[in-house]
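TrEMBL annotations:
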- 134-205: domain 'PAS' (DOMAIN)
- 233-268: region 'Disordered' (REGION)
- 249-259: compositional bias 'Low complexity' (COMPBIAS)
- 366-699: domain 'PDEase' (DOMAIN)
- HIS442, ASN443, SER444, SER445, HIS446, ASP483, ASP605, GLN657: AMP binding site (BINDING)
- HIS442: active site, proton donor (ACT_SITE)
- HIS446, HIS482, ASP483, ASP605: Zn(2+) 1 binding site (BINDING)
- ASP483: Zn(2+) 2 binding site (BINDING)
Amino acid sequence: TNCFIDPGIFAKEDSQSNGFCWACEKANFRCSMARTPESALECFLEKHHDLIIIDHRHSRHFDAEALCRICHDSVWVLTSFLTSRPDREEASVMPLINAGFNRRYVENANMMACYNELLQLEHGEVRSQFKLRAGNAIFTAMEQSQEAIEITSEDQVIQYVNPAYESITGYQQGELIGKEIIEVPKSEKNKPDLLETINSCIRKGKEWQGIYYAKKKNGDSIQQNVKITPVIGQGGKYKDRRKGSLDVRSTTSRGSDGSSQRRHSSMARIHSMTIEAPITKVINIINAAQESSPMPVAEALDRVLEILRTTELYSPQLGTKDEDPHTNDLVGGLMTDGLRRLSGNEYIFSTKQPHHIPGQLTTPLSLNDIPPRIAQTMENEDSWDFDIFNLEAATMKQPLTYLGLKIFSRFGVCEFLNCPEATLRSWLQVIEANYHSSNSYHNSSHAADVLHATAYFLCKERVKQSLDPIDEVAALIAATVHDVDHPGRTNSFLCNAGSELAILYNDTAVLESHHAALAFQITTRDDKCNIFKNIERNEYRTLRQAIIDMVLATEMTKHFEHVNKFVNSINKPLAALEENGCTCTILTSPENRILVKRMLIKCADISNPCRALELCIEWAGRISEEYFAQTDEEKRQGLPVVMPVFDRKTCSIPKSQISFIDYFITDMFDAWDAFADLPNLMQHLDNNFKYWKGLDEKKLHNLRPPPE
């Protein structure tokens, strides 16, 4: 809520008035200051503040009580009263209450004290007043509604019926209000125990929805699609929405660290995402149509939405029982490679294994031979603020092997794969050796950074609820190999240059296909580093497909498709179901686990703008240098310049970062944050965006402002 808050009619500026000003800024309230009763009144009549704080420490300057009365007569406001620190016995607040003050604040200039006071006032009295002011509007809406509405008290006495109710049933308000529901004649068409079912549902605080036969005054029965909603008192919600529509506020129920406000705005932003795919538009049209549809139609549309939200719209879902066995075997053999195939490259075993919690396996890996200096730089690798560049320096540019050993050990990867630690070590070394240390960005430090982010995301509660141990292992391996043998040039460059790789992969997802294919070639060509050697064949196939799918998901041409699918298949349904607490089917369905893994590696891959500022600046410098080098080479070879802005003579790095954040990062991390709850990342993103904006406003092109 963006309130107007008047933090005081202060006779003079001092630390207390400053405290309230700072607090208003922090709480994002608009605020005015007034020095005299006249200017205060003028300001108030112009802006109608929701909260006024009157300074009573210097009461000789004006009559605080008189001012309070004038404000209360004009508009219903909340008036707070500021007094000096009590140095004698506590006086009664009764005179203040009589004068119209709602609350007293004892002098305390500490910003957090002022901030807490404002928040308590806003979330308590101010919001209550908003609700009361909205009362007339709500009743007007109910009076105009075409649907019959009846409100009863807890003990089932009718308190209100709207005109639509009167015209449908033939009763007048006067004949109903004050009567108990049981006094109104009931239709015999209802099942005998229906009322008891409804009542027990309402007593538990749950909505009841279904068919109910009402009896008109003339004795006719009338079938109604009814929704009955219990209303909880202060802090509760009154909802009258059709099944399937979305209450965005439900996402605010999680997190008491101030994140609820942030999560709410994240979900609100998700629902107004700027880049809408056709499927998103279709889903939104259906959602809107449900609002005004009769119940059978609304339920049919629910089913339509379920089908539309699946990951693959064009793969038939094959039944196994009734179809001709020849057809079944033929289609199965041609389309599924012996495993249920969902779309291009997703294999699924539908059994959900019990969830494995990292760090709880019996035999940890021996990490004793890691040099203490290196071990020390990895002590906080489970924290988001881990500094990968310290590790890069300590390991002489071999961070992936060491961080890999530590993280794979923490997640029990060797136990899962049944592979010796020596094999894992050899595998990490050979994968790292195939990254190009000459690339300024796409080297093994980037891979280690993405592995770190992946491990961090895997420990988030929602992610753990969604994924199986095999998914976790796939994600860690995919992160490790996702850019192996990257040449430091983009897909467009390779296609324009007619490179061998572009020809091999038909100009389609060239690099990503190469990273995935090479990773498996390296792994399986030598037993010494084959981490998959000891796992069962079907498990290997599942793991392999999951790794390939995740590596291919890092290709940016499909960025918006991946984000849109995640939002529509996971964020929106989760928000709708969250208040009922039954989110498990959304989280653990095979299709959605794939979407979670794709989103996880995508966010890990481009998480640089969500890192601490110094790390963010370093990564921005490295990616810019790699793009500059590409532009230089394109000019040298007479190739089309793919990204003309990345010319080292003219490029503004702050501008390029601002564009990247605006176009790719904001929507994606809003969606990921709404799912995984990442307040620290969103705070860094905000800080970093402001940093680049600050440089750009000063027309600076470099990574940092010039030294003072």
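Including glycine, each Cβ sits where the backbone N, Cα and C put it.
Since we're looking at a predicted model, the values are computed, not measured.
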Within 8 Å of the centroid of the Cβ atoms of HIS446, HIS482, ASP483, ASP605, which other residues of that chain place their own Cβ, given that this set defines the recorded Zn(2+) 1 site?
HIS442, ALA447, VAL450, ALA479, HIS486, THR554
Between HIS446 (AMP binding site) and HIS482 (Zn(2+) 1 binding site): CA-CA distance (Å):
10
Tertiary neighbours of SER444 (AMP binding site) (same chain, Cβ under 8 Å, six or more apart):
LYS397, GLN398, PRO399, LEU400, GLU432, TYR435, SER437
How many helix, strand and coil residues does the domain 'PAS' (134-205) contain under DSSP?
35 helix, 10 strand, 27 coil
For a quick check of understanding: given the listed AMP-binding residues HIS442, ASN443, SER444, SER445, HIS446, ASP483, ASP605, GLN657, what is the maximum Cα-Cα distance in angstrom, as an integer?
22
Quick note, ASP605 (AMP binding site): same-chain residues at least 6 apart with CB under 8 Å of its CB -> VAL450, HIS482, THR554
Least surrounded among the binding-site residues, given as ASN443, SER445, GLN657, when other CB atoms within 10 Å are counted:
ASN443
For HIS442 (AMP binding site), the nonlocal same-chain Cβ neighbours (under 8 Å, six or more residues apart) come out as TYR435, HIS436, ASP483, HIS486, GLY488, GLU626
